[in-house]
Ligand code: ADP
């Protein structure tokens, strides 16, 4: 079995920046957010199930009408449960398939909800990219042009930094330049290579 490193962090903490660095080291990265979009693409069984569960209004030109669905589940909490009962197993199955198909010394599973969802069950070790709320807001607002208020709301509903720190095996504080982030990832990468090798030889 491949050694899987879970990579997580709050919005704007630097998860994607860290993932890209791992990719430059030849490590395959599976992104839970990307998988979540893939499983509801046209032709996927999950989209058919969503269509059957909610009706025609949930499609727009054959694609998932995300906005309409978002508004619907916001108004009806039971609908969120219905949706998640369809998407969560599909996401999990696809993540497992992609992790198994990966051919690198170890694999990274990057997910903003690693600890909140059951995705940490799929990993051997977890790395938290941590940053102060001030930096999270600054970076996320520069990246997506979202308002500070919107980002604050997202941070509020995410698991607290303290809780994440407690659950993580390794923590990188992304509080400087990108070079500072990469310099902290380098020794961890060496460590993961060793752990992956040890696991293989058992
Ligand atoms: P996440 O994936 O955790 O939401 P990103 O990796 O996308 O966060 O980082 C948010 C934004 O901040 C991106 O535009 C990224 O390039 C930038 N960024 C991340 N880390 C740093 C850093 N150490 N110095 C400067 N900019 C950074």
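Backbone N, Cα and C atoms are what each Cβ position is placed from, and that goes for glycine too.
Take the CB of residue 17 (ATP binding site) and look out to 10 A: across all protein chains shown you find 16 other CB atoms. Classification of residue 17 (ATP binding site) by DSSP places it within a helix. Marked as ATP binding site by TrEMBL: 12, 13, 14, 15, 16, 17.
For the binding-site residues 13, 16, the largest tally of other C-beta atoms within 10 A is found at 13.
Neighbour density for residue 12 (ATP binding site): within 10 A of its CB lie 25 other CB atoms from the protein chains shown. Close to residue 15 (ATP binding site) in the fold, though at least 6 residues off in sequence, lie 7, 8, 9, 110, 112, 129, each with a CB less than 8 Å from its CB. Within the same chain, residues at least six positions away from residue 14 (ATP binding site) with a Cβ under 8 Å of its Cβ are 129, 131, 139, 174, 181.
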